[in-house]
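Copied from TrEMBL, the annotated features are:
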type     : residues  : note
DOMAIN   : 94-136    : domain 'EGF-like'
DISULFID : C126-C135 : disulfide bond
TRANSMEM : 336-354   : transmembrane segment
Amino acid sequence: QGLDRTEHEGFGGGNTAWEEEKLSKYQHSETRLLEVLEGVCAPSDFACHQLLERSEEHVEQWWFHERQLHPDFFQWLCVDRLMLCCPPGTYGPDCRSCAGGPRQPCSGNGRCDGDGTRRGTGLCVCSPGYGGPFCAECGDGYYEASRNKSHFVCAECYQACGRCTGPEDSSCLRCKRGWVLHEHRCIDIDECGTEMAHCRANQYCVNTEGSYECRDCSTACIGCMGAGPARCKKCNKGYWRDGAKCLDVDECASATEPVCTGIQEVCENTEGSYRCVCARGHIRQDGQCVEDKPPDAPEKGFFDDVTDDEVVVLQQMFFGVMICALATLAAKGDMVFTAIFIGAVAAMAGYWLSDRSDRVLDGFMKGR
């Protein structure tokens, strides 16, 4: 690609005569080689850069000395010198021809294993619909729909046909596994009605197109002939037969003695069995059924249910009663009680106006 890109370019300096005299012609110059090699590898392709570095001397030798005699750079470097590749249509250490020949390996209907490398077997890996050692015939389940001198086309047979002459269900020559040929038609084999089906002990067989499936029996069954509890060969433990069906045994109702013997335990029937659970209003703790009580709440204070507005009213009533009592005593003319009354009024007024009084009285009124 780099050679093609620089095919019609020049030095780009403007003085072509001087450049060609001093640097040789651009087409064969080292400048062009460097420009080509700059674009050979992607920046993140480490393996490419490593290979290019190892091959640097070979590349320069081809560019300056071998280019005229060996114009095919890939053939000269990769096949002849480094011996990493083979020409298309060949494979292996000695570059042998692929199956079907190097010009058209595998008849053009597949790929040659190891084509173009020093590895592989050279055998054909055919494309879908083609077969044979050279992919020159239609594969199983396909027929030849058209052909000309250079190639042919294979189309798919009817789904049940292994070999056929056309797409119709009546053109079968051989059937796929699970089908039997009858008058050029493939009829599905019912494996479930023969000994061809192999299901486990507690499974039953279901026929499908060209095959069969094994499905699990009902939990009510020990062995069965189909789906559901009405197709059981034998009833499982915890079930009883009622005509054709295996029905669940209600162990809780049918037992003559209590099934669950723990204190406050009751029996609960389940499908094919039962379980012991705690009676309503009880929970299991340490293996015992105990009464489901809510956690004990802390005791309420005497005034816990009093609202904030009611507390304010009670505070005012308390101050009013105290002042009236002291006023009554002071009115008798006793100087001691008069002094106490004046002091109490002043103290209560101070507390009344302070935040602390609200907290103290609020705690007192609510019993805290």
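Each residue's number is its place along the chain shown, starting with 1.
Every residue, even glycine, has its Cβ placed from backbone N, Cα and C.
Mapped onto DSSP classes, the domain 'EGF-like' (94-136) shows 4 helix, 11 strand, 28 coil. Sequence-distant neighbours of C126 (disulfide bond): residues of the same chain at least 6 apart with a C-beta under 8 Å from its C-beta are C106, N109, G110, G132, C135, G139. Non-local neighbours of the domain 'EGF-like' (94-136) in the same chain are 79, 83-88, 142, 151, 154-156; each lies 6+ residues outside the stretch with a CB under 8 Å from one of its CB atoms. The number of other Cβ atoms within 10 Å of the Cβ belonging to C135 (disulfide bond), over all protein chains shown, comes to 25.
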